[in-house]
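Asks: Below: one structure in structure tokens.
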Amino acid sequence: MPLRIDVITIFPDYFAPLQLSLMGKAQQSGLVTIAIHDLREFTSDRHRSVDDTPYGGGAGMVMTPEPWGQAIDAVVTDQSTLIVPTPAGKLFSQPVAAELAHSTHLIFACGRYEGIDQRVVEYYRPRIDVRELSIGDYVLAGGDVATLAMIEASVRLVPGVLGNPESLVEESHQLPGVEYPSYTKPPTWRGLDVPEVLLSGHHDQIARWRAEQSTIRTTHNRPDLLPGS
Ligand SMILES: N#Cc1c(-c2ccc3ccn(Cc4cccnc4)c3c2)n[nH]c1N
């Protein structure tokens, strides 16, 4: 049963990259189906409006609930998980990507402006799994880039999408800490040599060196990922 993904957005063109590379191959192989829906197709006024002023005042505009209700109703089933990207969401992570990779149907609601009327989340929460997710502690202009990131991180974990599942084992955020540095040909580049141990053929020594490099890199770049931190 392929993973079905429906993306609802006012900027469908943001999702053209999903036809390329690994994501494109995943769709061609039938492991994943991705459909992009223009929210404005679900409006009923001649201006195809999707936003209005916020109750309680404040800057910016808020996305009105009805177009979202119409759009989500058009694709939702009792197997759906509704993902709402938002700066206020729980942090998206590799474990969350793995959960999403094993879902049946994902609906991504890509908001813009100051976000989507909260009643959309409130309406669907008693009916299906609803997850408000953030990809990090910085503010984007909308949910589209976050959705692209979450789709890519999740779809690459769908069994069969990656040619060599081995490559999933040693990558950052799978193992504790970050991954070791990588090198390839030429053995010397602009006077810089590849670490000798990697050319030695001594697999135990290489494994030990890589573990040391992972710890050094984690300590320097992501001490928060060190065991016991
Ligand atoms: N995931 C995620 C996000 C977002 C994000 C996601 C959806 C929307 C819809 C609108 N905005 C702009 C906006 C600006 C200011 C306040 N509230 C909203 C979004 C930002 N920003 N940063 C993340 N990690």
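Quick reminder: no glycine exception, Cβ is built from N, Cα and C everywhere.
Okay, so TrEMBL annotates it like this:
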DOMAIN    3-226  domain 'tRNA methyltransferase TRMD/TRM10-type'
BINDING   Gly111, Ile135, Gly136, Asp137, Tyr138, Val139, Leu140  S-adenosyl-L-methionine binding site
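How buried are the listed features, and what sits near them?
Replies: Restricting the average to the domain 'tRNA methyltransferase TRMD/TRM10-type' (3-226) gives a pLDDT of 96.
The DSSP secondary structure for Tyr138 (S-adenosyl-L-methionine binding site) is coil.
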Asks: What is the one among the binding-site residues Ile135, Val139, Leu140 whose Cβ has the most other Cβ atoms less than or equal to 10 Å away?
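Replies: Within the set of binding-site residues, the most crowded position is Ile135.
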Asks: Just to be sure I understand the packing, how many Cβ atoms besides its own are within 10 Å of the Cβ of Asp137 (S-adenosyl-L-methionine binding site)?
Replies: 7
Asks: To which of the binding-site residues Gly111, Gly136 does the lowest count of other Cβ atoms within 10 Å belong?
Replies: Gly136
